[in-house]
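Below is one structure, written out as structure tokens, with a few remarks after it.
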Amino acid sequence: MVRLIHTLADHGDDVSCCAFSAALLATCSLDKTIRLYSLSDFAELPYSPLKFHTYAVHCCCFSPSGHVLASCSTDGTTVLWSSHSGHTLTVLEQPGGSPVRVCCFSPDSAYLASGAADGSIALWNAQTYKLYRCGSVKDSSLVACAFSPDGGLFVTGSSGGDLTVWDDRMRCLHSEKAHDLGITCCSFSSQPLSGGEGLQSYQLASCGQDCEIKLWAVTITRVLGFELKYKSTLSGHCAPVLACAFSHDGKMLASGSVDKSVIIHGIGPQSVLHTLTQHTRYVTTCAFAPNTLLLATGSMDKTVNIWQFDLETPCQGSMNDPLKHFTEEWSEEDVSVWLRAQGLEDLVGIFRANNIDGKELLHLTKESLAGDLKIESLGLRSKVLRSIEELRAKMDSLSSGIPDEFICPITRELMKDPVIASDGYSYEREAMESWIHKKKRTSPMTNLALPSLVLTPNRTLKMAINRWLETHEK
């Protein structure tokens with residue numbers, strides 16, 4: 001189910017962090033650099049490595065749109081880069097100038113949080129690059145940070161072992177002693193926990209120097225307010241756990257440890273699914289890709305390993321039309337794995353009984369889903385069609401040569417006036433306004449309720465599209 005498909009060995013010192021966008025992988029290191037790779041063939045981009053920091057780089061992360069990359073360093077700065085060109089967009093200096101240990105974007109790309117060794121946490125406006133709010137924890141370094149999927153709050157973890165929950169106005173909502181010897185990482189699952197009416201509940205994982213991974217339920221209620229509740233502990237590591245990350249469907253949690261191993265935990269009936277032992281020194285970071293089951297793990301052995309869980313064999317050689325090649329040649333089993341990845345496990349039996357392979361999948365319509373496959377649930381049919389449309393959209397954009405991130409997910413056309421919705425995705429303004437005016441208050445991409453109907457102009461993406469158009473005009 002999981003296999004090593006590629007190893008990156010370009011850094012000259014410990015790998016400290018890795019992060020995915022839909023099309024790229026970013027890695028950073030104590031060697032002061034950030035490197036960018038294409039997910040199509042894992043080739044390093046022409047403008048990589050990115051160089052600005054004067055000391056070790058501790059963390060890197062993409063904005064939800066994938067157009068901006070943030071990196072932070074011992075030099076006391078957080079740098080924002082264009083992921084399309086490698087150009088520096090701005091340099092944010094941490095209040096007090098302390099080494100910055102962690103950074104993360106809010107789901108709507110509106111804010112960037114940066115946490116430092118002096119315990120300060122800065123919340124920046126990611127559009128204007130101005131400091132919005134600042135807070136701090138006492139007697140500890142901030143080493144971990146994660147926003148809730150709805151963007152309503154974020155959690156920080158400290159070297160003292162405390163999980164602290166903040167709202168978007170930097171008010172401290174709660175502080176919990178989570179790991180006796182210090183926290184090293186925390187991560188939210190993108191999938192909400194089931195709850196009653198009026199409840200918003202999300203799963204949070206934290207790990208630490210106590211060799212443990214703990215799962216928490218973070219719940220926001222209209223009546224009782226906020227609650228952080230301990231759920232369970234995942235075991236398996238025999239040394240401090242340095243990193244943890246949920247898969248995009250929330251069904252797996254990866255963890256990396258001083259014991260040099262990576263463990264893939266199942267969520268639900270908790271179990272160890274896989275133990276990966278390829279690294280020869282401490283595993284410092286792990287990250288899942290947002291839309292495919294790829295996992296990257298980084299280590300003090302200066303390497304980043306790429307692991308694949310399902311579907312296609314990586315294309316070797318030319319990648320002119322990889323998605324179309326892979327999808328059309330999917331076997332029936334590949335389609336079954338894809339269904340599970342989309343959260344459509346209940347349809348696996350129906351698809352297998354009707355021998356749906358990749359080619360048949362691409363030709364399914366609402367009529368065939370209802371008439372031929374006898375899928376009675378309108379919600380299930382709609383979710384299948386949306387997922388298939390995403391595959392077709394990516395194929396269309398690849399075949400036309402237009403970068404996928406420039407294509408509106410609703411119209412499947414090149415965006416002219418891109419805006420960021422509250423689900424973190426970018427859309428053509430007119431298409432998204434029409435979507436909302438039809439009283440569709442759910443995300444076109446995730447089908448989850450939109451936390452807000454506010455649309456924020458994506459100026460960075462618009463500039464990138466205009467530059468691309470200029471270079472492709474004949």
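Placement of Cβ uses the backbone N, Cα and C atoms for every residue, glycine included.
Database features, via Swiss-Prot:
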type: DOMAIN; residues: 330-394; note: domain 'SAM'
type: DOMAIN; residues: 401-474; note: domain 'U-box'
type: MOD_RES; residues: Thr456; note: phosphothreonine
type: REPEAT; residues: 10-47; note: repeat 'WD 1'
type: REPEAT; residues: 52-91; note: repeat 'WD 2'
type: REPEAT; residues: 95-134; note: repeat 'WD 3'
type: REPEAT; residues: 137-176; note: repeat 'WD 4'
type: REPEAT; residues: 178-227; note: repeat 'WD 5'
type: REPEAT; residues: 278-317; note: repeat 'WD 7'
Coarse DSSP state, helix versus strand versus coil, of the residue listed as 'phosphothreonine': strand
For the domain 'U-box' (401-474), the mean pLDDT of the predicted model: 80
Same-chain residues at least 6 beyond the ends of the repeat 'WD 7' (278-317) whose Cβ lies under 8 Å from its Cβ atoms: 1-9, 11-22, 25, 27, 29, 39-42, 242-248, 252, 254-258, 260-262, 264, 325-326, 329-330, 334, 337-338, 341
Set of same-chain residues at least 6 away whose C-beta sits under 8 angstroms from the residue listed as 'phosphothreonine': Asp108, Ser109, Ala110, Gln127, Val419, Ile420
Per-state residue totals over the repeat 'WD 4' (137-176) - DSSP helix, strand, coil: 0 helix, 23 strand, 17 coil
